[in-house]
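Read through the structure below, which is laid out as structure tokens, and then see the notes.
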């Protein structure tokens, strides 16, 4: 997280704006917290250019809970289409089977999750109440750089995007989206806050077994105050939104993220020592999995990295190799330090 | 919240224990956060004397979400008994109807929620998978001072206690409890954290439509890490647990809460100007609703209170009158200040 945001939170911990209260002590229905919530929503709407006919919901449970909450709200117990592109979309599809028929409209499984299936070849089903994609697969390093235009594919179903791991890293084309959801912990703030941005006409379709606290229509009617919201997490996310605006907003974040990713992928592609296996047109700007061609050197690579303060580079156990996560808060200097180390390590092994 | 807890949180915001990281930046699976989580659980177990055969779960969604999550996990789609003693238990019973048959085993509705129905007269049903009570009704000011012993009433069903609003204000007799749940925001820390304490033999009964993220068995198996937990809220709750231990633990909290309640109820009962309508043996130590006998003076009372810095005294709209909430963090001096004001106001109106 940005140091500026943490400093601001620390300095206001005992007394928010002269109120004599910590944000943690505020009644969530009091005017102080309402102003924090309203400002956070306004800033998020501005940052992501969210149109008026979408509701912004502050919820709890993270992306994994939304894997159930989305079909509870949208599937009508009928069916939904899933595009499987990696670990997260696979999990989402598995959870949805509790509530509706799940069609695998497309999958990159036979390509070992290293490319995106061409939307032109997706098998969209007429009974599907929505089409689910994961915008960015953190484990496999695959990202949609353009959202599919379902209308042009002959479908009227709303597109549901899990944007947990790349929200606020790039603009969103809301004209193609019905609902987007994501845990806030990757790019937007602390764990414990889930964002849901949903087109108004999709409210009111929930199944009878949907818990009231997770019924989008109920949450929207109560301005995310039906149950006590995660007040402090909303506050810190709000500080992060303001930081993002000071940085130049999401367009500037995208510019930086493009440059960071270009540096790292460019180095890997120019090397015979490292390799990234993902097709170039769908490589993630957030999560860069890579492998040493000689995997017997993996331990030495990680040990040397740690000695330079480069942490959390081990790939997910389901994939192996290495993975660099370069979310919004990672500066270009951090990516440069990684590339410098990778070059030095390669030379040290010659 | 205790000022000491807020000061500690502020001072550690940018660097937790020399780790170079904020708690908000920690991976929830990293050793630093795991140590925070483990310490929080150990301290809570010590404070509440939770036996080994109960699991402690750190969840999200608050008490209102648990109104659905409990029947999803325990009702087996069959039936459950509810003891209706006020607004919260009524809400719990209504939500459970989405998942199972709901029996009203007892109710104080005809007494306008001013007493507790005698357990000896509860109509417990043999098909009930559990019996639900709300330990403390915040709006009506009614509290169970002793948990019912269902075995002695001829029932083998587990007792489910919503202890949201009086957790850590008094000891818990776990021999009478199957499951206790509560949002942390009243007595234990910030909003966004839900505590569930559940007897191990009650795990693994969830309905097929229970979201995985809210399946107690799944949450228990993953040590509350199946989905990303509300890390910062767990950390702050942990600081509060340590503060409670320094104060002398839950027994000392109970002693203070008994004294605070005795002062306020004693004053009200000795006055002809104010009245509390709840039966003496079940008056809440946390929430004290009271009325001015001449309700035309209500606005003047609230205005005068505000001038002395006594805030949030207006009763809930469903009940009217006044309500003083005197949770753990409210010191005796705060209650004394209220009593002093109430006496002065009465004299000013003579």
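Cβ atoms are placed via backbone N, Cα and C, with glycine included.
TrEMBL annotations: computationally assigned, not manually curated.
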Per TrEMBL, what member of B:114, B:138, B:296 joins B:88, B:162, B:185, B:227, B:228 in binding pyridoxal 5'-phosphate at one site? B:138
If you average per-residue pLDDT over the domain 'Aminotransferase class V' (B:2-338), what number do you get? 96
Maximum Cα-Cα separation (Å), residues B:88, B:138, B:162, B:185, B:227, B:228 listed as binding pyridoxal 5'-phosphate: 31
Going by DSSP, is residue B:162 (pyridoxal 5'-phosphate binding site) part of a helix, a strand, or coil? strand
Filtered B:29, B:138, B:185, B:227, B:228 - binding-site residues with C-beta under 8 A from chain A: B:185, B:227, B:228
Please work out the number of neighbouring Cβ atoms within 10 Å of the Cβ of residue B:186 (N6-(pyridoxal phosphate)lysine), leaving out its own Cβ. 25
Pairwise CA distance, residue B:228 (pyridoxal 5'-phosphate binding site) versus residue B:186 (N6-(pyridoxal phosphate)lysine), rounded so that it is a whole Å: 23
Take the C-alpha atoms of residue B:29 (L-glutamate binding site) and residue B:185 (pyridoxal 5'-phosphate binding site) and report the distance between them in angstrom, rounded. 24
What number of additional C-beta atoms lies within 10 angstroms of the C-beta atom of residue B:185 (pyridoxal 5'-phosphate binding site)? 27
